[in-house]
Structures are given as structure tokens and as C-alpha cells.
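Features reported for this protein in TrEMBL:
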REGION    1-100  region 'Domain I, interacts with DnaA modulators'
REGION    120-336  region 'Domain III, AAA+ region'
DOMAIN    153-279  domain 'AAA+ ATPase'
BINDING   GLY164, GLY166, LYS167, THR168  ATP binding site
REGION    337-458  region 'Domain IV, binds dsDNA'
DOMAIN    367-436  domain 'Chromosomal replication initiator DnaA C-terminal'
Amino acid sequence: MEQEQVFWERVLQLAKDNLKQSAFDFFVSGARLVNINGSIVTIFLDSPFKKLFWEENMKSVMLTAGFEIYNEHLKTEYQFDPVSKEEKIVQDNNKPFQNNSQQADSNPTYLANTPFTHPDIKPQYTFDNFVQGDNNQWAKAAALAVSDNLGGLYNPLFIFGGPGLGKTHLLNAIGNKVLLDNPHARIKYVSSETFINDFLEHLRLNDMDNFKKTYRNLDLLLIDDIQSLRNKASTQEEFFHTFNALHENSKQIVLTSDRNPDYLDNLEERLVTRFKWGLTSEITPPDFETRIAILRNKCEIYPYEFTDDTLAYLAGQFHSNVRDLEGALKDIHLLATMRKLTEITVDVAAEAIRSRKQTNPQNTVVSIDKIQTEVGNFYGVSVKEIKGAKRVQHIVHARQVAMYLARELTDNSLPKIGKEFGGRDHTTVMHAYNKIKTMLAEDDQLEIELTTIRNKIR
Ligand code: ADP
Ligand code: MG
């Protein structure tokens, strides 16, 4: 380990030992060692007012570490301007993975303690706040596995699914996890649009060497919305070489797309073939319970109570997109702030999201009638039989599927659904819902049946 880093780690250790955790978090964790020049240590602080704290409380720590590591009386200076973004990118790209012993002395570097900031990775998207459900558990597991073993079995990892289902979130979560474990990992996150623009810009400036250097010397390339590369022949060509260079060196690639690789028309076959070399994982829309769990997770930051009814109501309004759920919470926040509300009832929620619902074609209101009719058509059972009392197996199955879909696709309460099914009790609806849900987990055929029916309903 380089001596500067040994010194800095000793400083952090001594600070931790001597300060209260809260003081350490606030005054020390954002600090960085810029460099040590002769006997002058330069420290970056993210705010000038923290300097006083350092002068008063960190003096003995700095002295101790200086004598221990350099056997010298070091003087401390402070700096408050962060390094420019460009400079930082260059440094990141030059940093060898898991090995910071080769950093050039002439090149001042921040020896970061966590959290480490990265120019293109969003710190707010982590595994911790990614709510797991049946719809995304495999994608999440694969993403976690990749973060723990870059360039291993799942290379590339290809995640696909509809808009607003958490693909970008997972990509960033991988980046954040890898950075946390290895602050010096060379990572790049780009949307395909950015990749195209970057490529064209470097081409225009006749600077392809730098482009290659940036994209081929990585430990992890996270590339979002790969479907956007369609019809961009020259960019695809370049991406092909980037892919090969990374893959041959066992460097990890993670891609996302709005569709299955098999449906990536207008993308070169040789690329698509490569996308399927590793692991392909789909994210589907979250079911009702997962939508509730996501809402619960996201509404924690707001200073008012959401009743359970409200959460169930919201989960019933937006089926196919987590972004819409978040949007709904923002609408509610606006209204709640204006009216200084302390509790969010169904009425308030309904009022807040009214305009969002009207502008969202995906959320056309589905009626229980329509569900009963389409389920009946599919299984060859009449609506009367669905509502009736007969206990013949295929009728019971159709009835339970219809109840399940009524809970999934409408915002009706359980008692209301029960009423629409010949005046049944709400516990019967709950039982049907759970039963179908359990069956779905084991029965692919049923999943296909439900998808077919859903498509008829919408
Ligand atoms: P995509 O890239 O698939 O279009 P995003 O990753 O941008 O979707 O997700 C849209 C929003 O929904 C983001 O704010 C993201 O944090 C949130 N989101 C999606 N899925 C989840 C989840 N399972 N848990 C928590 N938040 C989620
Ligand atoms: Mg996205």
C-alpha cells in the first residue's frame, strides 16, 4: 500500500477512535486526502466551516499519524474546491482495479473513504432500497451475484423489461455495490444514447484512441437501454469491439433493454448472440402486494401517515410501472403540503392523482364485469356460473381466477369484490387470491393463461 494511503487510513482510524460517531460522520467522513507534499498535508473538506473543527479536534490525530507513518511533524492545509469533473474522470479511468499502489505521485488523488462518489452512478439507487417481489427477484439476485463476482459466470448480464420497472435502478445498484466493496474499481455507466453521442463526438474530433481507452479499460461497463443502438451501424460496430475487448479480459458487462434479446430487431445478429452468452433475466410488472411494499417503502420519507386503504387504493391504480407509483406519491405530497395534511386518506389520494390518471392510457379503468366476462370466455364458463354457487372444479377455477384479477386490476376493496361475485365474504376473495398466487409461482401454464386473459381485458 502506498504510504499516503497508509497515513490517511491511520488518520481515519484515530479519528474514529477519538471522536463520537456522529462527529466523525459529519466532519470527517466527507474529507479527502489531496496529497502530501514535503511536510505539508493537504486535506479537502466539503465545507469551509468544517476547518475550525479540524483545527481544534483533529490536530492531535494528524500529529500522531504524521509521526507514526512519516516520523515527521506534518503541517496541515485545507482545500475546499472539489477537483473538476473531467479531471476526476481521467483519474478514475486510470485507477487500476484493486490495486492503488501504482498511483503516480505527481498526480494528486483523493484517497476516498466511503461513500465514494462516481461521476455517472446515482448514489440513491441501491440494492437496499430496491423492493423485491416475485416480478424482480431473479433479476435482483443476478445483479447481486454479478456485483460480488465481476466477470464471472454471468457475463454479460442482460436485464430486460417494460418501462419504469427498475432496470436503471438495478444497474446503478450494481455500480454502487461494486464501488462500496472496491472504491477503485473502474466503472462506467452509460445510456446507449450517451454511448452513441460519445462515439460520434470522438469520431468527429478524430480522437478514437481516447474513446477506446475509456471504454475498453474498465472493470465494469453498465450500459442502459441497449435497444437504442438499433439502426446505428457504425456505433454497433464499435460496441461490438468494446464488448469483445472487455469480455475477453473477463471484465463485466451488464446490459438492459426494453425487450427480450430475441426481439432486438435491427441490431446485428452477432451482437445479439453475444448478449445471450451470459445470463438473461426479465423483470415483469409488480403484483399487487409488491406494489404495496414499494409504496410503503417510498412513503416512509413523507411526514404524514398513509392509511392502509390509501396504499391499497394507489396500488390498484397503477399496475404496470413503478415510476407511476412514485409520481402518484409526488402528486400527493404536493397536495398534502399545500393543505398541511397529517394523514392521507383515499379521498385525498384520489383527488391528487386525478389528472395523472387521465393522462395515462395504460390505466384505463377495468371493471369487474369485464373481468368476469373475459375469464368466462376463456374457460368456457358463463358469468352466471362465475357468480353462482356451483362447486364444479373448472367453474371454481374460473371464479378464483376472476377474483384474483379483480384484486390485481381494479381498485375495488375485498368486500366490494366479494359482493360482485354473488355476495361472497371478503375472506373468500382473499383465499382465492392467495390460492391463485401460489399456483402461479409453480405453474407456467397458468401464467400464460392469465397473460392471455389480461390482454383481452385491457
Ligand atoms: P426502468 O429503467 O426500468 O425504466 P427505473 O429503474 O428508472 O426503470 O425505475 C423507475 C423508478 O421506479 C425509479 O425511481 C426506481 O427507483 C423505482 N423502482 C422501480 N422498481 C423498484 C423497486 N423494485 N423498488 C423500489 N423502487 C423501484
Ligand atoms: Mg431506465
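Each residue, glycine too, has its Cβ placed from N, Cα and C.
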Handout entry: Chain-mates of GLY164, GLY166, LYS167, THR168 with C-beta within 8 Å of site centroid, ATP
Key = GLY161, PRO163, LEU165, HIS169, LEU170, THR256, ILE283, VAL322, ARG323
Exercise for the section: Starting from the Cβ of GLY166 (ATP binding site), draw a 10 Å sphere and report how many other Cβ atoms land inside it. Expected result: 25
Practice task
Output the one of GLY164, LYS167, THR168 that, of all these binding-site residues, has the highest number of other Cβ atoms within 10 Å of its Cβ.
Solution key: LYS167
Exercise for the section: Kindly state the mean pLDDT of the region 'Domain III, AAA+ region' (120-336) in the predicted structure. Expected result: 94
Practice task
Tell me which binding-site residues (GLY164, LYS167, THR168) have a Cβ under 6 A from ligand 2; sequence order is fine.
Solution key: LYS167, THR168
Completion exercise
The correct three-state DSSP answer for GLY166 (ATP binding site) is coil
Exercise for the section: Kindly report the helix/strand/coil residue split of the region 'Domain IV, binds dsDNA' (337-458) according to DSSP, in that order. Expected result: 91 helix, 2 strand, 29 coil
